[in-house]
Amino acid sequence: MPSRRTTTSDTPTLDAPISDAPTQDAPILPEPADAPPAPAVDTDGAASHPALVTAALSVVVLAFSLMQTLVVPALPTLGRELGAGPQGTGWILTAFLLAGAVLAPVVGNLGDRFGHRRVLLATLAVFAGATLVASAAPSLVVLLGARVVQGVSTATFPLALALARNLLPPPRVAAAFGWISGMIGLGAGAALVLGGVIVEALSWRWMFVLAAVLIVGAAVLVLLWVPAVRARSQRRRTDWPGIVLLAGGLVGVLLAVSQGGAWGWSSPRTLGVGAVGVILLVALVLVERRTEAPLVDVRTFRHGPLALVSVLTVAVGFVPYVCYVALPVLMQAPTATGYGHGLDVTASGLAMLPSAVLVFLGGRCTPLLVARVGAAATSGVAVAVMLVGSVGLALWPTVPWAVVVAFSVLGLGNGIGYAICAQLVVTWSPPEEIGAATGLNSVIRTVGSAAAAPVVAALLAGATADGDPAGPFAASFWVAAAVSGAGVLVAVALTVLSRSSRPASARPSRP
């Protein structure tokens with residue numbers, strides 16, 4: 001498609017409000033019923049029906065985000081029916097995150113090369129097929145294989161952001177990011193409720209069947225509402241060394257983190273696997289700096305404060321997954337344990353629903369905050385609110401109403417965090433690198449999420465008979481608070497640095 005010129009006049013800076021932001025929150029009405037169903041692209045490359053484009057991309061990301069945590073309430077059932085122990089069932093969640101961390105930058109790079117819409121549709125086709133295989137899985141091995149392939153859906157988020165940035169008029173972009181980013185938290189939280197309801201009313205297999213229906217529906221919306229345009233990026237040679245080093249490095253690090261509790265954190269196996277992963281990632285940085293068309297362009301970190309944004313993204317990914325892992329255990333434990341809330345699967349999911357709603361609303365409120373205090377300061381608001389919620393959970397883990405309120409507050413901050421991190425990455429990335437940059441950011445967020453589960457598991461396993469029954473849960477939430485607090489410091493540094501840096505999107509595109 002034609003390249004859309006971006007100047008400083010239509011690109012939000014990090015330390016100043018967006019001048020046209022109030023228009024982003026005005027109602028965007030669909031066209032009349034007799035209008036053409038598919039949006040066209042005007043001569044500037046912008047979609048003439050931005051509301052429909054935003055809706056289609058939001059449904060795509062919703063389908064992906066649901067699949068992240070839909071299996072969480074079903075893990076005990078899956079273990080019983082497939083004959084797997086706790087470690088085996090834990091891999092049902094971990095396999096998705098590991099595969100997503102590897103595949104997101106690969107698919108994001110393909111989007112930059114061959115067109116984001118085309119690659120998004122191909123990704124949805126693979127996602128739907130793997131989900132149907134999962135629904136019929138006769139064994140844990142088959143289910144794990146399907147979950148690995150499902151990990152390709154992690155790339156739908158950066159692809160959706162790239163399409164929104166390239167197709168929508170500048171005044172609509174920030175609002176679209178709020179909708180699309182809000183779907184991550186909304187879907188992940190709603191899945192905790194839906195998963196429990198579906199398992200109790202039907203079976204775990206129906207979780208995947210219904211998810212496949214949603215994925216197919218999302219693909220249809222993309223076909224109808226997202227314009228088909230000519231890819232504007234040049235064809236490049238596939239960076240196979242980068243793919244191998246990235247995959248090996250991430251698998252090594254995340255495998256060590258996820259299995260450290262079982263193998264022993266100081267065992268030769270854990271240290272060896274983790275060290276190999278770190279060495280491969282260091283090699284990745286060295287190789288990619290010398291590659292003409294790298295899979296992961298580490299040089300993009302020179303575009304303004306992208307390195308700080310990446311650190312912030314780790315916190316945004318880590319903190320909610322601490323709660324996703326710890327809260328179902330806390331809420332479903334019997335009250336006789338001295339810490340449990342005594343709720344069933346469905347009730348515990350419903351208790352977490354307000355947080356999911358506030359994640360979505362946080363994404364929608366982000367453009368308003370950016371308009372008033374600037375994007376960098378908004379990132380500080382996000383992690384500060386997450387800090388307040390985490391502290392509340394740590395102080396009152398045995399009080400049901402306090403847990404619901406604190407987790408809801410945390411969800412609000414998390415929703416703002418999802419949206420603002422996505423906006424900061426796109427703002428500071430050159431237009432021709434948006435897909436790869438947001439793909440790398442998705443990897444970073446996924447790594448943060450994947451690291452949360454083993455940390456919580458290790459803390460919960462460290463409970464002693466003569467200690468405070470709720471102590472391990474409080475410790476988990478204090479870890480989340482510490483990570484959020486570190487995020488506040490990073491946001492302060494980001495605000496200071498952004499005042500002397502110029503967004504990469506405001507610079508001329510590289511030939």
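Keep in mind that glycine also has a Cβ here, set from the backbone N, Cα and C atoms.
Sequence annotations record features per position, and here TrEMBL assigns compositional bias 'Low complexity' to 1-15.
Summarising the annotation, TrEMBL assigns compositional bias 'Pro residues' to 29-39.
Look at TrEMBL and you will find 51-499 tagged as domain 'Major facilitator superfamily (MFS) profile'.
The transmembrane segment annotation in TrEMBL covers 52-76 (among others).
Tertiary neighbourhood of the transmembrane segment (88-107): same-chain residues 67-68, 71-72, 75-76, 78-79, 82, 119, 123, 140, 143-144, 147-155, 157-159, 243, 246-247, 250-251, 254-255, 258, 295-296, 436, 439-440, 442-443, 446-447, 449-450, 453, 457, selected by CB-CB distance under 8 Å and a gap of 6+ residues from either end. Look at TrEMBL and you will find 88-107 (among others) tagged as transmembrane segment.
Residues annotated as transmembrane segment in TrEMBL: 119-138 (among others).
Marked as transmembrane segment by TrEMBL: 144-164 (among others).
What TrEMBL records for 176-198 (among others) is transmembrane segment. Residues 24, 50, 53-55, 57-59, 61-74, 157, 160-161, 164, 168, 204, 206-207, 210, 320, 324, 328, 344-346, 348-350, 352-353, 355-357, 359-367, 411, 414-415, 418-419, 422-423, 426 of the same chain sit 6 or more residues outside the transmembrane segment (176-198) yet have a Cβ under 8 Å from a Cβ within it.
Per TrEMBL, transmembrane segment is recorded for 204-228 (among others). Below 8 angstroms of C-beta separation, residues 1, 37-41, 47, 49, 52-53, 55-57, 59-60, 62-63, 66-67, 70-71, 74, 77-78, 81, 117, 120-121, 124-125, 127-128, 131-132, 134-136, 163, 167, 194-195, 198 of the same chain, each at least six residues beyond the ends of the transmembrane segment (204-228), sit close to that stretch.
TrEMBL lists 240-258 (among others) with the feature transmembrane segment. Counting same-chain residues at least six beyond the ends of the transmembrane segment (240-258), those with a Cβ under 8 angstroms from any Cβ of the stretch are 90, 94, 97-98, 101-102, 105-106, 270-271, 273-274, 276-281, 283-284, 287-288, 291, 294-296, 443, 447, 450-451, 453-455.
Summarising the annotation, TrEMBL assigns transmembrane segment to 270-287 (among others).
Tertiary neighbourhood of the transmembrane segment (339-361): same-chain residues 73, 182-186, 188-190, 192-197, 199-200, 320, 323, 327-328, 330-333, 397-398, 400, 403-404, 407-412, 414-415, 418, 469-470, 473, selected by CB-CB distance under 8 Å and a gap of 6+ residues from either end. Taken from TrEMBL, the feature transmembrane segment covers 339-361 (among others).
Sequence annotations record features per position, and here TrEMBL assigns transmembrane segment to 373-395 (among others). Same-chain neighbours of the transmembrane segment (373-395): 12-17, 309, 312, 315-316, 319, 323, 362, 366, 402-403, 405-414, 416-417, 420-421, 423-424, 427, 474-475, 477-478, 480-481, 484-485, 487-488, 490-492, 494-495, 498, counting only residues six or more beyond its ends whose CB sits under 8 Å from a CB of the stretch.
The transmembrane segment feature in TrEMBL is assigned to 401-426 (among others).
Here TrEMBL flags 447-465 (among others) as transmembrane segment.
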Selection from 119-138, 144-164, 270-287, the stretch that has most Cβ pairs under 8 A to the transmembrane segment (52-76): 144-164
Beyond the flanks of the transmembrane segment (119-138) by 6 or more, those residues with Cβ under 8 Å of it: 60, 63-64, 67, 82, 107, 110-111, 145-147, 149-150, 152-153, 155-156, 159-160, 163, 205-209, 211-212, 215-216, 218-219, 222-223, 226
Per-residue pLDDT averaged over the domain 'Major facilitator superfamily (MFS) profile' (51-499), given as an integer: 83
